[in-house]
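Lifted from TrEMBL, the feature list:
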- 11-69: domain 'Phosphomannose isomerase type I catalytic' (DOMAIN)
- 135-193: domain 'Phosphomannose isomerase type I catalytic' (DOMAIN)
- Q149, H151, E176, H304: Zn(2+) binding site (BINDING)
- R323: active site (ACT_SITE)
Amino acid sequence: MEGVCHCIYLITPVVRNYDWGMPARSSLVYRLHAHGAPGACLGNLENTPFAELWIGDHDSAPCKVQQLRSHVTGEDGLQFRANDCNGVAVNEAAAAAAGESPGTGPEAAPVERLSAVYRRMGMQLFGREVIGPRILLKVLSIARPLSLQVHPDPECALRMYSQKHPSIVDSQAKPEMSVALTRFRAMCGLRPLGEIVSYAERYPPFARMIGGLLEEMRQAEGGNCGGTYYRLCERLLLEQEELAAVDALVDLVKQRPERDLSEEVFLTLNGTYGTEYAIVFAFVLNCIEVQRGDAFFIPPNTLHSYISGDCVELMNNSDNVIRGGLTSKATDSKAVLELIGREVEKGNAFPQAIDYVRSEEVSSYVVRYQPSHPLCNFAVWRFVVPPKTRVAQNFNNGDQPFLCLVVEVHGDVRVSCGTAVGAAKQNEGSMCIESFSVVTGDAFFMCPNLTLDVANNGDSDFVLYLGTET
């Protein structure tokens, strides 16, 4: 309806069925998708991998968006998302009384891309078009380790895109932050040389793979060692002169009665990728295990691999991935080395410390994760409402809107929201009000400076994750 600014829009996320994803029967991504998809049933999908849920507007997988109608709650019954093409509660009696069918009528809008909603929001709130979203919100459900990979910095992304590198599908850098939803394991960043040397001394086959660099690594520890790291990665990614050593290394690690996290990750990689040379990066990269609610940030040009678990991930609106191994997809180890070398040239710190992101309390019900890295322009907010509780919470991030996902809800949860529209400055008292019920898997676009009034009548926490630019 012209002149009305809708403060919240329904998003239909896109599912990615990558082979490393958890099978549908155990995948959080599938559960989020199934709760939100009309008529979804496990059926013959039981063993299909459901790896990623995307909420954004990347050209390779743009989400569909619809206006979310206001709803009147009555005793004549609400149908929840699983039974409604719009994915939200619909009061059919109220719709019929108005001469409409659910999801139609003057308040309904055709399906459109998220970028169109951003432009319209900008005009209605600020009198100018807003280009966006420049972020991409995901959920990952990981059964098998992802590839050994790196994402380019802004300059390299632009150059490689113009050169039509096959793995560079857009011109954007891809820094990313992950917030664990379960126990989550990953490899990220080059670990201290002393730790690598210790594993080489523990396992002679690994020492043979490192070769003559081992003495250089001993001497370089604590100094200007970027070049040493580059040569180590070059030896392990390109030269690979000790193929037989991988088998011997696997045997020795299996014989060890008590294994640390890196050794467990090494055997996990071996179980998936056999004796591929790149599995030794479990002893070269930092191996981490984080718990639910913990977060970490991966800067551009940082070698990494996710090993297992579920997480919420927020990143720039990019899908640029250069792979160096541990995958059936195309690899480009020379490009991986080029990006590592870029960090050496810039004089950035080596070893690469794990960039944990500590949560900041916004209120009793909201925490915010915001990396301090200069190339990071986004943040994740988490909103938790306990059972049998009602909370009104304002989400104010200047003029930046939010991409949102309901990760957990059980039972009856009703949400009302309101925000003053830009035109309200000229028409005092104007306010956009929406009211609806939610289920697990509901995804939304929300305008800036939004107040959510959540009545959680269920028996467990209502958990909402929000991604926003900064």
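Using N, Cα and C of the backbone, Cβ positions are placed for all residues, glycine too.
Those TrEMBL annotations? Automatic predictions, nothing curated.
Shown here: features listed in TrEMBL, placed on the structure.
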{"residue": "Q149", "record": "Zn(2+) binding site", "DSSP class": "strand"}
{"residue": "E176", "record": "Zn(2+) binding site", "DSSP class": "strand"}
{"residue": "H304", "record": "Zn(2+) binding site", "DSSP class": "strand"}
{"residue": "R323", "record": "active site", "DSSP class": "strand"}
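Highlighted in sequence order, V150, K174, I298, T302, V321 have their Cβ within 8 Å of the centre of the Cβ atoms of Q149, H151, E176, H304, the residues recorded for Zn(2+), and are not part of that set. The recorded positions H151, H304, R323 differ in how many other CB atoms lie within 10 Å of their CB, and the one with the most is H151. Distance noted between the C-alpha atoms of H304 (Zn(2+) binding site) and R323 (active site) is 10 Å.
For Q149 (Zn(2+) binding site) paired with R323 (active site), the C-alpha to C-alpha distance reads 4 Å.
Applying DSSP to the domain 'Phosphomannose isomerase type I catalytic' (11-69) sorts its residues as follows: 15 helix, 18 strand, 26 coil. Note on the domain 'Phosphomannose isomerase type I catalytic' (135-193): DSSP counts are 10 helix, 23 strand, 26 coil. When averaged over the domain 'Phosphomannose isomerase type I catalytic' (135-193), pLDDT in the model lands at 98. Around the Cβ of E176 (Zn(2+) binding site), a 10 Å sphere holds 23 further Cβ atoms from the protein chains shown.
H151 (Zn(2+) binding site) sits 9 Å from R323 (active site), taking the Cα positions as reference.
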